[in-house]
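Down below is the structure, laid out as structure tokens.
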Amino acid sequence: MKSTGKLVVLGSINADHILNLEHFPTPGETVTGQGYQVAFGGKGANQAVAAGRSGAEIAFIACVGDDDTGSRVCKQLASDNIDTAPIRTINDEATGVALIFVNGAGENVIGIHAGANAALTPELVEAEQQKIAEASALLMQLESPLESVLAAAKIAHQHQTKVILNPAPACELSDELLALLDMITPNETEAEKLTGVRVETDEDAAKAAHVLHGKGIDTVIITLGSRGVWLSEKGSGKRVPGFKVKAVDTIAAGDTFNGALVTALLEDKPMEDAVRFAHAAAAIAVTRKGAQPSVPWRKEIDEFLQQQR
Ligand code: RIB
């Protein structure tokens with residue numbers, strides 16, 4: 001990695017409307033829930049917050065609407081140690097919205113209204129070229145237009161900025177984009193979408209990782225829920241287990257893992273230590289409700305890790 005240690009995150013910002021239900025409604029069914037809350041979320045913003053709170057020097061490229069939510073979320077992100085200068089306000093657009101049901105087992109289903117996130121065009125990405133070029137790493141997800149993700153990856157690749165993609169939500173991707181990535185972090189569903197390999201066992205994860213290495217990606221980390229992750233570097237793979245905690249809500253667990261992982265790598269932590277650090281951050285997040293309200297600060301992650309010794 002370059003020695004600047006700087007991170008750029010490019011991605012979405014949403015207001016999450018969260019409702020807890022005993023079970024998810026089936027088509028035609030109405031279920032009365034409890035604990036309705038509105039909290040800041042969006043995969044990009046969650047990962048930016050995880051990086052900012054865990055100690056990275058980070059700038060965030062994103063779009064909000066010209067509404068009250070947009071201005072409030074920008075203030076919140078700035079207080080999370082994030083350089084918000086590259087966040088654009090889009091006229092006559094609403095800030096993105098996510099409608100989220102959480103069931104009794106802590107699982108969630110999510111519907112998205114992209115709103116201003118859809119206005120993050122390749123032209124806006126080009127305007128932030130210098131930030132991407134100066135950074136050591138660029139972290140992205142797939143709640144932003146694909147052509148903009150590709151444009152950012154091209155700029156980063158050209159300037160030796162490492163490109164890390166968390167390919168969520170699941171989507172087929174071009175070989176052109178995959179070849180520009182240094183690291184990819186799919187979950188089991190996303191790995192299957194990208195490789196055609198159904199991931200249920202460690203052997204399946206190794207197979208899926210092999211396909212992704214074949215596309216030109218050096219590091220593949222497949223997240224396996226409570227089983228931890230499959231970490232594969234240039235074809236040599238192993239499972240790194242996570243920490244056992246009582247999950248109340250898994251919203252943003254993957255986002256927290258990604259933001260903390262990249263932060264640790266930018267501090268030159270060895271890969272397995274970085275994965276352990278990210279596991280700790282995600283473990284804390286699942287014990288709390290909501291997306292950004294659940295993301296831990298550095299001190300909490302360090303204390304959690306110390307308690308595991
Ligand atoms: O990954 C969790 C996030 O997905 C939520 O915060 C929601 O906004 C959706 O983007």
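Just so it is clear, glycine is given a Cβ too, placed from its N, Cα and C backbone atoms.
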**Item:** Same-site residue for substrate (record: TrEMBL; known: Asn14, Ala15, Asp16, Gly42, Lys43, Gly44, Ala45, Asn46, Glu143; options: Asp249, Asp255, Asp268, Asp273)
**Value:** Asp255
**Item:** Per TrEMBL, Asn187, Thr223, Leu224, Gly225, Ser226, Arg227, Gly228, Gly254, Asp255 bind ATP; matching candidate in His159, His210, His279
**Value:** His279
**Asked** Taking the Cα atoms as reference points, how far is Asp255 (active site, proton acceptor) from Arg288 (K(+) binding site) in Å?
**Response** 14
**Request:** Going by Cα-Cα distance, pick out whichever of the binding-site residues Leu224, Ser226, Gly228 is nearest to Gly290 (K(+) binding site).
**Result:** Ser226
**Request:** Could you check which of the binding-site residues (Asn187, Leu224, Ser226, Gly228) sits closest to Arg288 (K(+) binding site), going Cα to Cα?
**Result:** Ser226
**Request:** Can you tell me which of Gly228, Ile251, Arg288, our binding-site residues, come within under 6 Å of ligand 1 at the Cβ?
**Result:** Ile251
**Prompt:** Cα of Leu224 (ATP binding site) to Cα of Ile251 (K(+) binding site): how many Å, rounded?
**Reply:** 15
**Request:** Taking Cα atoms as reference points, rank the binding-site residues Asp249, Ile251, Ser294 by distance from Asn187 (ATP binding site) and give the first.
**Result:** Ile251
**Message:** Please list, in sequence order, the residues in the chain of Ile251 (K(+) binding site) that are at least six apart in sequence and whose C-beta is under 8 Å away from its C-beta.
**Reply:** Asp16, Ile18, Gly41, Ile100, Val102, Asn108, Lys289, Gly290, Ala291, Ser294
